[in-house]
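Student: Quick one: the structure is below, questions incoming.
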């Protein structure tokens, strides 16, 4: 009888053991941010109105129409006067960059931000098990990850990945690599490094679709320390809840909307097509379809389904069809599952479009607007400046959820959700000036300084010497 009972109980025991192993493995796959450090270049690399005018006048391929276009673009960009450019711009050599210029720009960032991060976290470079670096527009063997390993004398068995050409959404792609490696290895430290190299990539031609990038992109970067060691949970800042990547590279229209290429006179630049907003909207909608059920409560999903069915029924019963143009509202209350929104600072239009689609308030959009104004579009690292702004404003409280949304060439839309593990209030890169934000106005002085260009006659216009 006892043997019979044991045989009956054995399958139940095996099931319980499998459940216990699944729960244990699931816990070991968790991904935490222990700390992060955004990069703030030296003040002598700050780009003001006067300096911007000097740089533009050095480009002899520009005419009056291009000046007018640039003025309109920079005035409406949402960028202020305290963003940063690489050193090559200040020496007047932006049209003749060397490989050393690009490497120097990256090394200044690496040595500043990684050093500060590891020192503050009390982690030795020798303890890093995984290094992921993403810088889209520079490749220089040995790769940037190898240069970091050499500078900090990291272990010979460190696993490293070096991503290029992944665009402004690359930091979440790097995060996805970290997350997947963590699934196979326990109790590891990972260092994620994200930046962009502008030194070799200034566009000196006159193609408007390529000039625009000069107005938006600025120097920056971020180093992030992660772990899956649950014994360090009490030290963590954020816990990754989910991550969704959407890639529309198979669509020719989306694939061709952002491209590094040569113009008609052989000048290399970054092309931004007119169909970019459409490609971004399409990828954003597809990304939301996947991540929404993962981050919102069931009650909100049910409410949305009921409302959608009612609207569909009403439209079906109507005799007049309706057409919708422009941005589309999601119709879901994302604030039911998300407390803070970390939006890529791709430009004022990007922030406005996402704000409209998700029905966000100015309070929700403030961190992204202020980051764009203060630091510009720092490519893949921009999300972390936005996050640092929220932290400096003491908005991030234990248990809150933060949704990150980024876009990149390809065309890609990536998003992820973080849970805040403890109250956060460190200033990070904003600590010395957060009291000045938001300013009373985001209007930059470019129109006041150069507005006279609008009244110039093309037949008589000459570039002023001063």
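A Cβ is built for glycine as well, from the same backbone N, Cα and C atoms used for every other residue.
Among the features that TrEMBL reports, active site is placed at 168, 247, 340, 344, 373, 377. For 25-312, the entry in TrEMBL reads domain 'FAE'. Annotation comment: TrEMBL describes 336-420 as domain 'Beta-ketoacyl-[acyl-carrier-protein] synthase III C-terminal'. Among the features that TrEMBL reports, signal peptide is placed at 1-25.
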Student: Taking every protein chain in this structure into account, which of the active-site residues 247, 344 has the most other Cβ atoms within 10 Å of its Cβ?
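Tutor: Of 247, 344, the one with the most crowded Cβ is 344.
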Student: So among 247, 340, 344, 373, all listed as active-site residues, which is physically nearest to residue 168 (active site)? Use the C-alpha atoms.
Tutor: 344
Student: Show which residues of the chain containing residue 377 (active site), separated from it by at least 6 in sequence, have their CB under 8 Å from its CB.
Tutor: 79, 168, 216, 217, 218, 345, 346, 347
Student: Summarise the model's confidence over the domain 'Beta-ketoacyl-[acyl-carrier-protein] synthase III C-terminal' (336-420) as a mean pLDDT value.
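Tutor: A mean pLDDT of 95 is what the model gives the domain 'Beta-ketoacyl-[acyl-carrier-protein] synthase III C-terminal' (336-420).
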Student: Measuring Cα to Cα, how many angstrom lie between residue 373 (active site) and residue 247 (active site)?
Tutor: 29
Student: Expressed to the nearest Å, what is the distance separating residue 247 (active site) and residue 344 (active site) at their Cα atoms?
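Tutor: Cα to Cα, residue 247 (active site) and residue 344 (active site) are separated by 17 Å.
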Student: Within 10 Å of the Cβ of residue 373 (active site), how many other Cβ atoms can be counted across all chains shown?
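Tutor: Looking across every protein chain shown, the total is 22.
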Student: Across all chains shown, how many C-beta atoms besides its own are within 10 angstroms of the C-beta of residue 340 (active site)?
Tutor: 21
Student: Do you know the DSSP helix, strand and coil residue counts for the domain 'Beta-ketoacyl-[acyl-carrier-protein] synthase III C-terminal' (336-420)?
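Tutor: Final tally across the stretch: 39 helix, 22 strand, 24 coil.
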Student: Please work out the number of neighbouring Cβ atoms within 10 Å of the Cβ of residue 168 (active site), leaving out its own Cβ.
Tutor: 27
